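For reference, the structure discussed in these notes is given below.
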Amino acid sequence: LPLLLEATLLQLASGSYHPFYNGFYYNHIMNDKGNGQEKVVSFNGAKLVVETPKDPVYSSSSANVTLPCHYHYEPDLEAKRKIRIKWSKLRDDYTKEQDVLVAIGKTYLAFGDFRGRAHLHQTGRREASLVISDVRLQDDGKYRCEVIDGLEDESDVVDLRLQGIVFPYQPPRGQYRLNFHEAEQVCQEQGAILATFNQLFQAWSEGLDWCNAGWLADGTVQYPIRQPRKPCGGLHLAPGIRSYGPRHRHLHRFDAFCFSSALKGEVFYLDRPAGMTLEEAKQSCQDVGAEITRVGQLYSAWKFLGLDRCDAGWLADGSIRYPIVKPRANCGPAEPGVRSFGFPSKGRFGVFCYKER
């Protein structure tokens, strides 16, 4: 029986299941060709309605989140129905949806990265809400809640948004050196992922202005401009997101826009009177039970934890940076931000360390 049930759930996930009789009746009429073949054109009985929140659901990395979904019938049906539920994640590049979970009654099967992290929340009557535990950066996006009652199949979409920050990234070897796959890798190395267009747009609306073009998660190359200027598309263009459109993921090279969310731990600064080399800095963090901070972690600590330090320090990628929440004399420009001294080949500095709580 368990094997049979799992096979049924897998068929449901792939969309190749066979409908079962559930007490509803359908009208059949001749098709337009008049060749005697029948097709379903109307449903006599109750209408199945699926409802999800119209506003986005917000969460952060490592948290637990519930994506609400409820269904009902018009007019209402008191009898208990034999319902199937399917959750899918819509991909940013509009390719095939990613299966998240399928369920019949209280038995469910989760897929891929959601295995062990996703389950149904069904405390209320006719509830099909999805619970995702230990939320990851990749979980950000739109989810489809689909309810299947025999031949009736209705769905609605929930938008899950992670509270995070978008930051531009160049590797040590300089500007426009990353193809798409290398951009994905460098973001992951810095505790982040490639940003989506929605995340970049949100960052632009909050003030991000950056003239270098970078990869996004859908394979397009874009950049955000708040103040139009000649080197950044020209003075005649309005503020907005400039787009190069989709680029060749292997041949074309640009920078990257990375996305990082809130932290589980803390970022702190260590120093010695004579400063440290990069290798000494890494060892100093290890000596206090921490690790050298990655770029995404420093940006997150700056935005979400209010980290403000006017001392430059090493990060894991070999760069020297420092975060400023309250601009002041001798601490860089008049705007808040994460300052960068690039990737020095030599020199002695302090270090930013990261330690999980």
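The backbone N, Cα and C atoms fix where each Cβ goes, glycine too.
The disulfide bond annotation in TrEMBL covers CYS211-CYS232 (among others). The Cβ of CYS232 (disulfide bond) has 19 other Cβ atoms within 10 Å, all protein chains considered.
Annotation comment: TrEMBL describes CYS310-CYS331 (among others) as disulfide bond. Taking the Cβ of CYS331 (disulfide bond) as reference, residues of its chain lying under 8 Å away and at least six apart in sequence are, in sequence order, CYS310, TYR322, ILE324, ARG339.
Annotated domain 'Ig-like' per TrEMBL: 46-158, in sequence order. When pLDDT values are averaged over the domain 'Ig-like' (46-158), the model yields 91.
Among the features that TrEMBL reports, domain 'Link' is placed at 165-260 (among others).
Residue counts for the domain 'Link' (266-355) under DSSP (helix as H, G, I; strand as E, B; rest coil) come to 20 helix, 26 strand, 44 coil. The domain 'Link' annotation in TrEMBL covers 266-355 (among others).
Residues or ranges marked as signal peptide by TrEMBL: 1-15.
The local packing around CYS211 (disulfide bond), expressed as other Cβ atoms within 10 Å of its Cβ over all shown chains, amounts to 14. Every protein chain shown contributes to the tally, and the Cβ of CYS310 (disulfide bond) ends up with 15 other Cβ atoms within 10 Å.
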